[in-house]
Amino acid sequence: MESRLGWLTELQTETGANLRRTSIIGTIGPKTNNPETLVALRKAGLNIVRMNFSHGSYEYHQSVIDNARKSEELYPGRPLAIALDTKGPEIRTGTTTNEVDYPIPPNHEMIFSIDDKYAKACDDKVMYIDYKNITKVIEKGKIIYVDDGVLSFEVLEVVDEQTLKVKSLNAGKICSHKGVNLPGTDVDLPALSEKDKSDLRFGVKNGVHMVFASFIRTAQDVLTIREVLGEDGKDVKIIVKIENQQGVNNFDEILKVTDGVMVARGDLGIEIPAPQVFAVQKKLIAKCNLAGKPVICATQMLESMTYNPRPTRAEVSDVGNAVLDGADCVMLSGETAKGNYPINAVTIMAETALIAEQAIPYVATYDDLRNFTPKPTSTTETIAAAAVSSVFEQKAKAIIVLSTTGDTPRLVSKYKPNVPIVMVTRNPRAARFSHLYRGVFPFVYESDTESEWTKDVESRLNFGIAKAKEFGMLKEGDTIVTIQGFAAGVGHSNTLRVLTV
């Protein structure tokens with residue numbers, strides 16, 4: 001019987017020739033927004049391009065989309081996915097008088113106001129807050145963080161419907177347009193701002209494959225986003241960003257309606273005590289794994305590589321431990337958007353993930369997932385789990401899945417096989433968003449459908465085998481496990497075979 005301790009004592013620390021199964025998401029910015037650099041990033045291991053809609057014009061984001069698609073023409077390789085990260089509803093301070101910064105000492109008492117007359121007249125006496133309900137939801141003694149926690153204030157008194165009296169807990173500067181966090185306070189901001197709605201419509205029009213939805217607090221927030229995406233955006237995957245206490249508290253209900261989750265540790269580490277973040281990360285990832293929904297670990301993973309060619313040892317451990325926790329994807333932000341070493345950062349992340357994957361006790365992980373998954377499962381999930389079990393018993397080298405929607409590869413990925421999941425599909429969108437699922441290597445089969453179903457199945461299987469050989473996953477004589485349907489259409493994946501290449 002496999003034990004975690006025994007597995008780790010035999011751990012191989014060389015990367016070897018194995019294929020990395022954890023996907024890498026990279027934020028595209030001025031340093032990387034050109035086809036040639038995008039090709040280099042993809043060769044280094046990038047699978048999903050992220051556009052941060054907190055910054056940039058539509059013209060700029062259109063250029064990212066165009067350059068991403070141009071990079072596929074220059075280097076076909078594997079399909080590239082495009083993600084739109086919403087700005088989300090947020091709370092900010094106003095503009096300081098004459099746009100100057102006002103230094104304040106510790107224990108400095110001042111006023112926070114929602115009165116619009118202070119919106120462009122903030123100083124060290126009064127600071128404007130653009131959240132109109134702040135005086136209704138916050139209580140005396142609560143903490144308010146400004147500028148990602150650089151400044152901390154304690155609420156001394158809710159003076160009236162427009163005014164809070166506060167005291168600074170540390171020295172700092174009152175600056176313009178800084179973000180505001182209210183840890184431990186339930187806020188009632190809308191799921192989407194008008195800007196977010198416009199951004200989502202832009203994304204649908206331009207064929208993005210997934211949306212990273214910021215500051216999700218409730219399941220209803222997800223349903224609101226789905227409504228805005230509309231019929232034209234019905235295939236866009238919604239990945240919720242959990243970055244506040246409300247999102248953590250309501251996670252089980254959110255998980256039921258979302259397509260996936262991002263553990264967004266930046267704002268989360270401000271909204272909840274920083275020492276709790278790693279435990280919340282493990283808990284949320286485990287719940288996603290059990291639900292069979294993809295999960296992304298993000299924020300400051302290799303942040304020092306924004307300016308340095310090598311990461312800190314703690315950063316490398318952070319990436320590796322996210323993989324061990326069960327993350328399907330790991331994400332880079334400033335490292336690739338504005339950093340001096342974007343290709344190095346992707347390379348280091350890819351190498352770290354590959355070694356971490358070798359530290360996973362796959363059989364024990366599979367057993368846990370099978371034992372804790374509620375029964376009965378769907379026919380497709382039963383076949384998916386059986387395929388992974390067959391890999392262990394037959395010592396197979398790959399699983400080849402013929403899929404239309406990407407749902408079967410997702411369920412195979414849930415059970416964390418130690419081999420590649422080769423997805424063959426005629427659906428380019430499904431191929432691209434399937435990068436969200438750990439271990440899935442998607443390939444688009446462009447040949448016409450054959451009139452005889454069995455011949456069409458064999459043609460697609462042979463295509464999958466050829467691609468697996470091309471990418472170094474298979475060689476002659478290897479054993480493979482295959483999944484396909486008994487008939488054309490969606491939802492028929494019920495046939496499992498064990499074959500020799």
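Including glycine, each Cβ sits where the backbone N, Cα and C put it.
Taken from Swiss-Prot, the feature substrate binding site applies to R50, G266, D267, T299. A strand conformation is recorded for R50 (substrate binding site) in the three-state DSSP classification.
Using a 10 Å Cβ-Cβ cutoff, D85 (K(+) binding site) registers 25 neighbours. Annotation source Swiss-Prot lists K(+) binding site at N52, S54, D85, T86.
Just so you know, the Cβ of R92 (ATP binding site) picks up 16 other Cβ atoms within 10 Å once every protein chain is counted. The ATP binding site annotation in Swiss-Prot covers N52, F53, S54, H55, R92, K178 and is backed by similarity to another entry.
Around E243 (Mg(2+) binding site), the C-beta neighbours below 8 angstroms that are at least 6 residues distant in the chain are S214, F215, A264, R265, G266, D267, L268, E271. Swiss-Prot lists E243, D267 with the feature Mg(2+) binding site.
Positions annotated as site 'Transition state stabilizer' by Swiss-Prot, on the basis of similarity to another entry: K241. Classification of K241 (site 'Transition state stabilizer') by DSSP places it within a strand.
For K241 (site 'Transition state stabilizer'), the nearest neighbour among the listed binding-site residues (S54, H55, R92, K178, T299), judged by C-alpha distance, is T299. It is 15 Å from the Cα atom of S54 (K(+) binding site) to that of T299 (substrate binding site).
Counting in whole angstrom, T86 (K(+) binding site) lies 5 from F53 (ATP binding site) by their C-alpha atoms. Taking the mean position of the Cβ atoms of N52, S54, D85, T86 as the K(+) site, the remaining same-chain residues with a Cβ inside 8 Å of that point are M51, F53, H55, L84, K87, G88, F212, S214. Straight-line distance linking the Cα atoms of K178 (ATP binding site) and D85 (K(+) binding site), rounded to a whole number, equals 20 Å. Put simply, R50 is the one of the binding-site residues R50, H55, R92 whose Cα lies nearest to the Cα of D85 (K(+) binding site). Of the recorded residues, H55 (ATP binding site) and T299 (substrate binding site) place their C-alpha atoms 17 Å from one another.
Cα-Cα distances to R92 (ATP binding site) place none of the binding-site residues R50, N52, T299 within 10 Å.
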